[in-house]
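J.: Mind looking over this structure? Questions follow.
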Amino acid sequence: MTSPSVKDLPDWFREGYGNVWLPYTQMQTAEDALPVVGTEGVTLELADGTKLIDGVASWWTACHGYNNPRMQEQMIAQVKNMSHVMLGGLLHEGAATLARRLADLLPGDLNHVFFSESGSVSVEIALKMAVQYWMNKGETGHQRFVCFQSGYHGDTTAAMSVSNSGGDLENEGGMHKAFSGFLQQQFLRPLPETPTEMAEFDAFLAAHKDDIAGVVMEPLIQGAGGMKFHGADILAEISASCARHDVLLILDEIFTGFGRTGTMFACEQAGITPDIICLGKALTAGTVAMAATVATDKVYGAFLSDDPDMAFMHGPTYMANPLACAAANASLDIFRDEPVLEQVKRIEGHLNQSLEQFRELPGVVDVRVKGAVGVIQMKEIKDPAAMRARFAREGVWIRPLGDVIYLTPSFTIESHELAALTQAIDKVLNSAD
Ligand SMILES: *Cc1c(COP(=O)(O)O)cnc(C)c1O
(Lines of atoms letter the chains of each structure in order from A and count residues from 1; the text may use other names and numbers.)
(Lines give C-alpha, C1' and ligand atoms only; values in the text may rest on other atoms or scores of the structure.)
Protein backbone atom coordinates (compact mmCIF):
# COMPACT_ATOMS: atom_id res chain seq x y z
CA MET A 1 0.00 0.00 0.00
CA THR A 2 1.44 3.32 -1.02
CA SER A 3 -0.04 6.73 -0.73
CA PRO A 4 1.61 8.84 -3.39
CA SER A 5 0.80 12.34 -2.25
CA VAL A 6 1.66 11.80 1.40
CA LYS A 7 5.33 11.75 2.31
CA ASP A 8 5.43 10.21 5.75
CA LEU A 9 2.58 7.95 6.68
CA PRO A 10 1.76 8.30 10.38
CA ASP A 11 2.17 5.33 12.71
CA TRP A 12 -1.56 4.92 13.30
CA PHE A 13 -2.05 4.57 9.55
CA ARG A 14 0.62 1.91 8.98
CA GLU A 15 -0.37 -0.01 12.11
CA GLY A 16 -4.13 0.04 11.55
CA TYR A 17 -4.42 -0.04 7.77
CA GLY A 18 -4.44 -3.83 7.53
CA ASN A 19 -7.36 -4.02 9.95
CA VAL A 20 -9.69 -1.67 8.12
CA TRP A 21 -11.66 -3.09 5.22
CA LEU A 22 -12.30 -0.14 2.92
CA PRO A 23 -15.49 0.39 0.87
CA TYR A 24 -15.69 -0.76 -2.77
CA THR A 25 -11.99 -1.59 -2.64
CA GLN A 26 -9.83 -4.45 -3.85
CA MET A 27 -7.63 -4.41 -0.76
CA GLN A 28 -4.76 -6.31 -2.38
CA THR A 29 -4.06 -3.67 -5.01
CA ALA A 30 -5.51 -0.56 -3.39
CA GLU A 31 -3.37 2.55 -3.43
CA ASP A 32 -6.37 4.31 -2.35
CA ALA A 33 -6.57 5.80 1.08
CA LEU A 34 -5.00 9.07 2.17
CA PRO A 35 -4.41 9.71 5.88
CA VAL A 36 -6.75 12.54 6.80
CA VAL A 37 -6.34 14.28 10.13
CA GLY A 38 -8.73 17.21 10.02
CA THR A 39 -11.38 19.18 8.17
CA GLU A 40 -12.20 22.87 7.98
CA GLY A 41 -14.57 24.74 5.68
CA VAL A 42 -14.27 22.89 2.38
CA THR A 43 -10.82 21.41 2.92
CA LEU A 44 -9.43 18.11 4.10
CA GLU A 45 -6.08 18.18 5.89
CA LEU A 46 -3.73 15.23 5.38
CA ALA A 47 -1.18 13.93 7.86
CA ASP A 48 1.71 15.71 6.16
CA GLY A 49 -0.09 19.04 6.29
CA THR A 50 -1.31 18.94 2.66
CA LYS A 51 -4.69 20.59 2.23
CA LEU A 52 -7.14 19.31 -0.38
CA ILE A 53 -10.19 21.26 -1.51
CA ASP A 54 -13.04 18.77 -1.29
CA GLY A 55 -15.02 18.68 -4.53
CA VAL A 56 -17.44 15.98 -3.38
CA ALA A 57 -18.33 17.09 0.17
CA SER A 58 -17.70 13.63 1.62
CA TRP A 59 -20.08 11.66 -0.55
CA TRP A 60 -22.45 14.60 -1.00
CA THR A 61 -23.18 15.13 2.67
CA ALA A 62 -21.32 18.18 4.05
CA CYS A 63 -23.65 20.80 2.57
CA HIS A 64 -22.77 23.57 5.03
CA GLY A 65 -19.02 22.90 4.96
CA TYR A 66 -16.94 21.09 7.55
CA ASN A 67 -16.79 22.13 11.21
CA ASN A 68 -19.67 24.53 10.77
CA PRO A 69 -19.78 26.43 14.08
CA ARG A 70 -23.59 26.41 14.36
CA MET A 71 -23.69 22.66 13.81
CA GLN A 72 -20.88 22.12 16.31
CA GLU A 73 -22.45 24.25 19.01
CA GLN A 74 -25.77 22.39 18.98
CA MET A 75 -24.12 18.98 18.71
CA ILE A 76 -21.78 19.66 21.65
CA ALA A 77 -24.70 20.83 23.78
CA GLN A 78 -26.57 17.64 22.86
CA VAL A 79 -23.62 15.38 23.75
CA LYS A 80 -23.40 17.04 27.15
CA ASN A 81 -27.07 16.46 27.84
CA MET A 82 -27.93 13.14 26.15
CA SER A 83 -26.03 11.45 23.32
CA HIS A 84 -28.44 8.62 22.88
CA VAL A 85 -31.55 6.95 24.19
CA MET A 86 -33.59 4.21 22.55
CA LEU A 87 -36.75 5.25 20.73
CA GLY A 88 -38.63 2.15 21.87
CA GLY A 89 -41.11 3.55 24.37
CA LEU A 90 -39.25 6.86 24.75
CA LEU A 91 -39.58 10.04 22.73
CA HIS A 92 -37.19 12.96 23.01
CA GLU A 93 -37.49 16.56 21.93
CA GLY A 94 -34.99 16.37 19.07
CA ALA A 95 -36.90 13.60 17.32
CA ALA A 96 -40.31 15.20 17.79
CA THR A 97 -39.06 18.57 16.59
CA LEU A 98 -37.17 17.15 13.64
CA ALA A 99 -40.13 15.04 12.50
CA ARG A 100 -42.45 18.03 12.66
CA ARG A 101 -39.96 20.24 10.79
CA LEU A 102 -39.43 17.65 8.04
CA ALA A 103 -43.20 17.25 7.66
CA ASP A 104 -43.51 21.04 7.35
CA LEU A 105 -40.73 21.28 4.76
CA LEU A 106 -41.75 18.32 2.61
CA PRO A 107 -44.49 18.81 0.03
CA GLY A 108 -48.06 17.59 0.51
CA ASP A 109 -48.97 15.31 3.38
CA LEU A 110 -45.63 13.55 3.84
CA ASN A 111 -46.23 13.75 7.57
CA HIS A 112 -44.99 10.51 9.12
CA VAL A 113 -41.26 10.15 9.70
CA PHE A 114 -39.59 6.80 10.35
CA PHE A 115 -35.96 7.37 11.38
CA SER A 116 -33.01 5.11 10.62
CA GLU A 117 -29.21 5.33 10.43
CA SER A 118 -28.32 4.96 6.77
CA GLY A 119 -29.75 5.65 3.37
CA SER A 120 -29.78 1.99 2.37
CA VAL A 121 -31.81 1.13 5.45
CA SER A 122 -34.25 3.95 4.75
CA VAL A 123 -34.80 2.34 1.34
CA GLU A 124 -35.29 -1.11 2.90
CA ILE A 125 -37.86 0.49 5.19
CA ALA A 126 -39.64 2.17 2.27
CA LEU A 127 -39.88 -1.15 0.41
CA LYS A 128 -41.18 -3.00 3.47
CA MET A 129 -43.64 -0.19 4.09
CA ALA A 130 -44.96 -0.40 0.54
CA VAL A 131 -45.35 -4.20 0.63
CA GLN A 132 -47.12 -4.14 3.99
CA TYR A 133 -49.30 -1.23 2.87
CA TRP A 134 -50.93 -3.54 0.33
CA MET A 135 -51.16 -6.47 2.74
CA ASN A 136 -52.80 -4.29 5.37
CA LYS A 137 -55.34 -3.20 2.77
CA GLY A 138 -56.11 -6.88 2.22
CA GLU A 139 -54.73 -6.91 -1.31
CA THR A 140 -52.57 -9.87 -2.25
CA GLY A 141 -49.84 -9.68 -4.90
CA HIS A 142 -48.08 -6.31 -4.92
CA GLN A 143 -44.71 -7.84 -3.97
CA ARG A 144 -42.43 -6.46 -6.69
CA PHE A 145 -41.00 -3.06 -7.48
CA VAL A 146 -40.46 -1.16 -10.69
CA CYS A 147 -36.99 0.38 -10.78
CA PHE A 148 -34.86 2.03 -13.43
CA GLN A 149 -31.72 1.48 -15.42
CA SER A 150 -28.72 3.19 -13.77
CA GLY A 151 -30.61 3.69 -10.52
CA TYR A 152 -28.81 3.35 -7.20
CA HIS A 153 -30.60 2.89 -3.88
CA GLY A 154 -27.96 1.42 -1.58
CA ASP A 155 -25.95 -1.69 -0.80
CA THR A 156 -28.25 -3.72 1.46
CA THR A 157 -30.17 -6.64 0.00
CA ALA A 158 -33.52 -5.17 -0.98
CA ALA A 159 -31.86 -1.87 -1.92
CA MET A 160 -29.51 -3.77 -4.24
CA SER A 161 -32.48 -5.54 -5.82
CA VAL A 162 -33.90 -2.21 -7.01
CA SER A 163 -30.47 -0.83 -8.04
CA ASN A 164 -28.77 -1.07 -11.43
CA SER A 165 -25.76 1.14 -10.85
CA GLY A 166 -23.23 0.65 -13.62
CA GLY A 167 -25.38 -2.06 -15.15
CA ASP A 168 -27.67 -2.47 -18.10
CA LEU A 169 -31.25 -3.61 -18.53
CA GLU A 170 -30.41 -7.26 -18.06
CA ASN A 171 -28.92 -6.28 -14.71
CA GLU A 172 -25.53 -7.46 -15.89
CA GLY A 173 -22.25 -5.75 -15.24
CA GLY A 174 -23.51 -3.50 -12.47
CA MET A 175 -21.69 -2.90 -9.21
CA HIS A 176 -23.78 -5.54 -7.44
CA LYS A 177 -23.56 -8.19 -10.18
CA ALA A 178 -22.03 -10.78 -7.83
CA PHE A 179 -25.36 -10.93 -5.98
CA SER A 180 -27.77 -11.14 -8.89
CA GLY A 181 -28.75 -14.76 -8.16
CA PHE A 182 -29.35 -13.95 -4.51
CA LEU A 183 -31.59 -10.94 -4.99
CA GLN A 184 -35.32 -10.69 -5.48
CA GLN A 185 -36.19 -10.08 -9.11
CA GLN A 186 -37.78 -6.69 -9.69
CA PHE A 187 -39.16 -5.01 -12.81
CA LEU A 188 -36.10 -3.19 -14.19
CA ARG A 189 -37.11 -0.63 -16.83
CA PRO A 190 -35.45 2.04 -18.95
CA LEU A 191 -36.19 5.50 -17.60
CA PRO A 192 -38.90 6.73 -20.01
CA GLU A 193 -37.75 9.91 -21.73
CA THR A 194 -39.71 10.25 -24.98
CA PRO A 195 -43.53 10.32 -25.25
CA THR A 196 -43.42 6.83 -26.80
CA GLU A 197 -41.33 5.47 -23.93
CA MET A 198 -43.66 7.13 -21.46
CA ALA A 199 -46.65 5.48 -23.12
CA GLU A 200 -44.84 2.14 -22.90
CA PHE A 201 -44.13 2.73 -19.26
CA ASP A 202 -47.77 3.59 -18.60
CA ALA A 203 -48.90 0.45 -20.42
CA PHE A 204 -46.42 -1.57 -18.36
CA LEU A 205 -47.89 -0.27 -15.11
CA ALA A 206 -51.40 -0.96 -16.38
CA ALA A 207 -50.48 -4.55 -17.25
CA HIS A 208 -48.60 -5.37 -14.04
CA LYS A 209 -50.20 -3.19 -11.40
CA ASP A 210 -51.55 -6.12 -9.39
CA ASP A 211 -48.00 -7.43 -8.94
CA ILE A 212 -46.42 -4.05 -8.26
CA ALA A 213 -45.91 -2.68 -4.75
CA GLY A 214 -44.36 0.54 -5.99
CA VAL A 215 -42.12 2.43 -8.38
CA VAL A 216 -38.74 3.42 -6.92
CA MET A 217 -36.64 6.20 -8.39
CA GLU A 218 -34.15 8.98 -7.78
CA PRO A 219 -35.81 12.22 -8.91
CA LEU A 220 -34.00 14.51 -11.41
CA ILE A 221 -30.54 13.01 -10.90
CA GLN A 222 -29.49 9.38 -10.78
CA GLY A 223 -26.41 9.81 -8.62
CA ALA A 224 -24.14 6.82 -8.03
CA GLY A 225 -25.32 5.23 -11.30
CA GLY A 226 -23.51 7.93 -13.28
CA MET A 227 -24.87 11.39 -12.42
CA LYS A 228 -27.53 11.09 -15.12
CA PHE A 229 -30.12 13.88 -15.37
CA HIS A 230 -33.75 13.84 -16.44
CA GLY A 231 -36.31 16.62 -16.59
CA ALA A 232 -38.98 17.51 -14.06
CA ASP A 233 -41.58 16.84 -16.78
CA ILE A 234 -40.55 13.16 -16.88
CA LEU A 235 -40.79 12.92 -13.10
CA ALA A 236 -44.25 14.53 -13.21
CA GLU A 237 -45.42 12.07 -15.86
CA ILE A 238 -44.13 9.04 -13.98
CA SER A 239 -45.93 10.32 -10.90
CA ALA A 240 -49.15 10.81 -12.89
CA SER A 241 -48.82 7.32 -14.33
CA CYS A 242 -48.42 5.84 -10.83
CA ALA A 243 -51.49 7.73 -9.62
CA ARG A 244 -53.50 6.59 -12.65
CA HIS A 245 -52.80 2.92 -11.93
CA ASP A 246 -52.85 3.10 -8.13
CA VAL A 247 -49.17 2.24 -7.79
CA LEU A 248 -47.13 3.73 -4.91
CA LEU A 249 -44.35 6.12 -5.87
CA ILE A 250 -41.23 5.97 -3.71
CA LEU A 251 -38.76 8.78 -4.32
CA ASP A 252 -35.22 8.28 -3.11
CA GLU A 253 -33.99 11.81 -2.35
CA ILE A 254 -31.00 10.63 -0.35
CA PHE A 255 -28.72 12.41 -2.82
CA THR A 256 -31.03 15.08 -4.24
CA GLY A 257 -32.64 16.21 -0.98
CA PHE A 258 -31.68 19.31 1.01
CA GLY A 259 -30.97 21.77 -1.76
CA ARG A 260 -28.59 19.82 -3.96
CA THR A 261 -30.64 20.29 -7.16
CA GLY A 262 -31.60 23.91 -6.43
CA THR A 263 -34.82 23.35 -4.48
CA MET A 264 -35.08 21.92 -0.98
CA PHE A 265 -36.31 18.64 -2.50
CA ALA A 266 -36.04 17.67 -6.16
CA CYS A 267 -39.69 16.57 -6.34
CA GLU A 268 -40.76 20.20 -5.79
CA GLN A 269 -39.55 21.00 -9.30
CA ALA A 270 -42.13 18.61 -10.72
CA GLY A 271 -44.84 19.84 -8.35
CA ILE A 272 -45.48 16.32 -7.08
CA THR A 273 -45.73 14.51 -3.75
CA PRO A 274 -44.57 10.88 -3.67
CA ASP A 275 -46.25 8.36 -1.40
CA ILE A 276 -42.97 7.66 0.39
CA ILE A 277 -39.72 9.63 0.35
CA CYS A 278 -36.25 8.54 1.52
CA LEU A 279 -33.85 11.08 3.02
CA GLY A 280 -30.26 10.67 4.17
CA LYS A 281 -26.81 12.01 3.31
CA ALA A 282 -27.15 15.81 3.82
CA LEU A 283 -29.91 15.33 6.42
CA THR A 284 -27.26 15.87 9.11
CA ALA A 285 -25.06 17.98 6.81
CA GLY A 286 -22.24 15.47 6.85
CA THR A 287 -21.78 15.09 10.59
CA VAL A 288 -23.33 11.88 11.94
CA ALA A 289 -25.23 8.98 10.41
CA MET A 290 -28.96 9.41 10.00
CA ALA A 291 -31.69 8.72 7.45
CA ALA A 292 -35.45 8.90 7.34
CA THR A 293 -38.35 7.36 5.45
CA VAL A 294 -41.37 9.64 5.33
CA ALA A 295 -44.87 8.45 4.42
CA THR A 296 -48.04 10.27 3.43
CA ASP A 297 -51.25 10.13 5.45
CA LYS A 298 -52.56 7.53 2.99
CA VAL A 299 -49.66 5.11 3.49
CA TYR A 300 -49.50 5.68 7.25
CA GLY A 301 -53.26 5.24 7.53
CA ALA A 302 -53.05 1.68 6.23
CA PHE A 303 -51.06 0.71 9.34
CA LEU A 304 -53.60 2.06 11.84
CA SER A 305 -55.74 -0.68 13.31
CA ASP A 306 -56.57 -2.45 16.55
CA ASP A 307 -54.68 -5.42 15.08
CA PRO A 308 -51.05 -5.53 16.34
CA ASP A 309 -50.06 -7.54 13.25
CA MET A 310 -50.77 -4.49 11.11
CA ALA A 311 -48.11 -2.43 12.90
CA PHE A 312 -44.88 -1.74 11.07
CA MET A 313 -42.23 -4.22 12.22
CA HIS A 314 -38.99 -2.30 12.01
CA GLY A 315 -36.84 -0.53 14.60
CA PRO A 316 -33.16 0.24 14.22
CA THR A 317 -31.30 0.33 17.55
CA TYR A 318 -29.99 3.84 16.98
CA MET A 319 -33.10 5.24 15.30
CA ALA A 320 -33.62 8.97 15.90
CA ASN A 321 -30.29 9.10 17.72
CA PRO A 322 -30.52 12.37 19.69
CA LEU A 323 -27.09 13.57 18.58
CA ALA A 324 -28.07 13.02 14.93
CA CYS A 325 -31.41 14.78 15.55
CA ALA A 326 -29.52 17.76 17.02
CA ALA A 327 -27.30 17.84 13.94
CA ALA A 328 -30.27 17.65 11.55
CA ASN A 329 -32.14 20.34 13.48
CA ALA A 330 -29.03 22.56 13.41
CA SER A 331 -28.75 22.03 9.66
CA LEU A 332 -32.41 22.97 9.18
CA ASP A 333 -31.76 26.12 11.27
CA ILE A 334 -29.05 27.06 8.78
CA PHE A 335 -31.41 26.41 5.86
CA ARG A 336 -33.98 28.62 7.61
CA ASP A 337 -31.66 31.50 8.55
CA GLU A 338 -29.08 31.64 5.79
CA PRO A 339 -29.45 32.04 2.01
CA VAL A 340 -28.46 28.42 1.32
CA LEU A 341 -30.52 27.92 -1.86
CA GLU A 342 -29.01 31.15 -3.21
CA GLN A 343 -25.57 29.67 -2.57
CA VAL A 344 -26.66 26.70 -4.68
CA LYS A 345 -27.79 29.06 -7.46
CA ARG A 346 -24.42 30.82 -7.32
CA ILE A 347 -22.57 27.50 -7.59
CA GLU A 348 -24.82 26.46 -10.49
CA GLY A 349 -23.98 29.69 -12.33
CA HIS A 350 -20.28 29.26 -11.68
CA LEU A 351 -20.25 25.62 -12.80
CA ASN A 352 -22.29 26.44 -15.91
CA GLN A 353 -19.62 28.90 -16.96
CA SER A 354 -16.47 27.13 -15.87
CA LEU A 355 -17.23 23.56 -16.99
CA GLU A 356 -18.25 24.63 -20.49
CA GLN A 357 -14.57 24.92 -21.53
CA PHE A 358 -14.20 21.14 -21.16
CA ARG A 359 -16.91 20.27 -23.68
CA GLU A 360 -14.57 20.38 -26.67
CA LEU A 361 -11.73 18.40 -25.09
CA PRO A 362 -10.94 14.99 -26.59
CA GLY A 363 -12.59 12.21 -24.60
CA VAL A 364 -15.31 14.48 -23.21
CA VAL A 365 -18.78 13.33 -24.26
CA ASP A 366 -20.99 15.75 -22.32
CA VAL A 367 -20.93 18.50 -19.74
CA ARG A 368 -23.99 19.07 -17.56
CA VAL A 369 -24.93 21.07 -14.49
CA LYS A 370 -27.98 20.97 -12.21
CA GLY A 371 -27.97 22.87 -8.93
CA ALA A 372 -24.71 22.22 -7.11
CA VAL A 373 -23.90 19.19 -9.27
CA GLY A 374 -21.42 19.57 -12.12
CA VAL A 375 -20.66 16.62 -14.39
CA ILE A 376 -18.05 16.00 -17.06
CA GLN A 377 -19.03 12.86 -18.88
CA MET A 378 -15.99 11.12 -20.37
CA LYS A 379 -16.02 8.45 -23.06
CA GLU A 380 -14.23 6.32 -20.52
CA ILE A 381 -11.96 6.68 -17.52
CA LYS A 382 -9.41 3.91 -17.78
CA ASP A 383 -7.80 4.23 -14.37
CA PRO A 384 -9.97 6.12 -11.90
CA ALA A 385 -7.54 5.48 -9.02
CA ALA A 386 -4.68 7.05 -10.97
CA MET A 387 -6.87 10.01 -11.87
CA ARG A 388 -7.86 10.43 -8.24
CA ALA A 389 -4.19 10.48 -7.26
CA ARG A 390 -3.50 13.08 -9.96
CA PHE A 391 -6.26 15.26 -8.55
CA ALA A 392 -4.78 14.92 -5.06
CA ARG A 393 -1.41 16.09 -6.39
CA GLU A 394 -3.23 19.14 -7.77
CA GLY A 395 -4.57 19.87 -4.28
CA VAL A 396 -8.17 18.74 -4.76
CA TRP A 397 -10.28 15.80 -3.66
CA ILE A 398 -12.25 14.60 -6.68
CA ARG A 399 -13.30 10.97 -7.11
CA PRO A 400 -14.22 9.91 -10.64
CA LEU A 401 -17.31 7.71 -10.74
CA GLY A 402 -17.56 5.20 -13.59
CA ASP A 403 -17.01 7.35 -16.65
CA VAL A 404 -17.76 10.73 -15.07
CA ILE A 405 -15.80 13.38 -13.25
CA TYR A 406 -18.21 15.25 -11.02
CA LEU A 407 -18.32 18.07 -8.51
CA THR A 408 -20.81 18.13 -5.63
CA PRO A 409 -19.19 20.70 -3.37
CA SER A 410 -20.38 22.11 -0.07
CA PHE A 411 -22.79 24.99 -0.62
CA THR A 412 -20.42 27.23 1.37
CA ILE A 413 -17.64 26.88 -1.19
CA GLU A 414 -16.13 30.22 -2.29
CA SER A 415 -15.65 31.19 -5.93
CA HIS A 416 -11.87 30.94 -5.74
CA GLU A 417 -12.17 27.43 -4.29
CA LEU A 418 -14.54 26.41 -7.09
CA ALA A 419 -12.07 27.89 -9.53
CA ALA A 420 -9.28 25.80 -7.97
CA LEU A 421 -11.40 22.67 -8.55
CA THR A 422 -11.99 23.46 -12.23
CA GLN A 423 -8.34 24.46 -12.74
CA ALA A 424 -7.31 21.08 -11.36
CA ILE A 425 -9.71 19.35 -13.75
CA ASP A 426 -8.25 21.42 -16.57
CA LYS A 427 -4.71 20.35 -15.68
CA VAL A 428 -5.58 16.68 -15.31
CA LEU A 429 -7.65 16.50 -18.52
CA ASN A 430 -4.98 18.33 -20.49
CA SER A 431 -2.04 16.33 -19.18
CA ALA A 432 -0.65 13.41 -21.15
CA ASP A 433 -0.79 10.59 -18.60
C1 LIG B 1 -26.02 7.15 -0.97
C2 LIG B 1 -27.33 6.73 -1.48
C3 LIG B 1 -28.03 5.66 -0.91
C4 LIG B 1 -27.46 4.82 0.20
O5 LIG B 1 -27.23 5.55 1.36
P6 LIG B 1 -26.21 4.97 2.47
O7 LIG B 1 -26.28 5.98 3.57
O8 LIG B 1 -24.87 4.90 1.81
O9 LIG B 1 -26.70 3.64 2.87
C10 LIG B 1 -29.28 5.35 -1.41
N11 LIG B 1 -29.82 6.06 -2.41
C12 LIG B 1 -29.18 7.10 -2.98
C13 LIG B 1 -29.85 7.86 -4.07
C14 LIG B 1 -27.92 7.46 -2.55
O15 LIG B 1 -27.27 8.47 -3.15
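Each Cβ is built from the backbone N, Cα and C atoms, and glycine gets one as well.
All TrEMBL annotations are machine predictions without curation.
Just so it is clear, the model here is predicted, and its values are computed rather than measured.
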J.: Out of Asp54, Asp246, Asp252, Asp383, which one does TrEMBL list together with Gly119, Ser120, Pro316, Thr317 for pyridoxal 5'-phosphate?
T.: Asp252
J.: Roughly how many Å lie between the Cα atoms of Gly119 (pyridoxal 5'-phosphate binding site) and Lys281 (substrate binding site), rounded to a whole value?
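T.: About 7 Å separates the two Cα atoms.
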J.: What number of additional C-beta atoms lies within 10 angstroms of the C-beta atom of Tyr152 (substrate binding site)?
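T.: If we count other Cβ atoms within 10 Å of Tyr152 (substrate binding site), we arrive at 29.
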J.: Out of Ser120, Asp252, Gly315, Pro316, Thr317, Arg399, which binding-site residues lie by ligand 1, with a C-beta less than 6 Å from some atom of it?
T.: Ser120, Asp252
J.: Sorry to bug you, but what's the C-alpha spacing from Lys281 (substrate binding site) to Thr317 (pyridoxal 5'-phosphate binding site), rounded to the closest Å?
T.: 19
J.: Of the binding-site residues Trp59, Tyr152, Lys281, Gly315, Arg399, which one sits closest to Asp252 (pyridoxal 5'-phosphate binding site) when you measure Cα to Cα?
T.: Tyr152
J.: Compute the C-alpha separation of Trp59 (substrate binding site) from Ser120 (pyridoxal 5'-phosphate binding site), stating it in Å without decimals.
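T.: Rounded to a whole number, the Cα-Cα distance is 14 Å.
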